[in-house]
Amino acid sequence: MTDPSAHSAALTYGSYLALDELLAAQRPRSEEHDELLFIVVHQVYELWFKQVVHELTWLQERLHRGEGGHALATLKRVLTILKTVVAQVDVIETMTPRQFTAFRSRLEAASGFQSAQFRVLEAMLGRRDDRMLAPYPPDGPGYARIAAAMAAPSLFDSLLRYLATQGFETPVVPEPRPAGWRQPSEAVQRVLLEVYRADGEAALVCERFVDLDEGVQEWRYRHVKMVERTIGDKPGTGGSAGARYLRSTLFTPAFPDLWAVRGAL
């Protein structure tokens, strides 16, 4: 005879995806119809950020091993996810300023500025700024993850390591890095010129890095325009500067050398 308890414990679609917990994680703080959409969209963003960080960690491992083909496949996946993240802005923009204002006060100090996963992503892209740690308690997981990401090699550091495995003489990156985003380096650009002139797999990997940088910048632009059309120049929730801060993040490349070298190709 079949054991009934064994049947009840069998893996199902719902249990594998933890759907009971997942679908119970939306807890609106008002009776406003549109608040659920706001929560769902932002939770989906966090899931995508988790996947992007997961993929970029894998990407760095492949680059360190000199596996250009696997790196290209992983970058393609990340770029496709970023397109999905950007397209999601269309959904949140179906909410009018009046609809958002109806429940905005219920957010209290909660703000997207506090997204630890996005700060980890920024650190992986190369941002080195202790101000990113300010919103998080020092003994909390968010603080630890961001600090660890800032202490680890950035994606561009990993790209340089990959280029070294392909026979290119890459300059040593000084540690600790200056605060902020990576600054252009003529020594790095000379190496990149060699890479592009060789026109091999390494050049393709560099081009996908340009796509990654562009994809993140596209997300930033769509995000700031969404905030502007929803709350204008009002301060963000939690006392953040809102659209004004977001505008300050536009057009700052994560990989400036890959952009600077293009004029010499």
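Keep in mind that glycine also has a Cβ here, set from the backbone N, Cα and C atoms.
Noted in Swiss-Prot for the protein shown:
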type	residues	note
BINDING	Phe38, Ile39, Val40, Val41, His42, Arg104, Thr237	substrate binding site
BINDING	His223	heme binding site
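Look at the binding-site residues His42, Arg104, His223 and count other Cβ atoms within 10 Å of each Cβ; His42 has the fewest. In sequence order, Gln26, Arg27, Pro28 are the residues near Ile39 (substrate binding site), counting only same-chain partners six or more apart with C-beta under 8 A. Straight-line distance linking the Cα atoms of His42 (substrate binding site) and His223 (heme binding site), rounded to a whole number, equals 12 Å. Cα to Cα, the residue listed as 'heme binding site' and Val41 (substrate binding site) are separated by 13 Å. Neighbour list (Phe38 (substrate binding site), Cβ cut-off 8 Å, at least 6 residues apart, same chain): Ile92, Met95, Phe100, Phe103.
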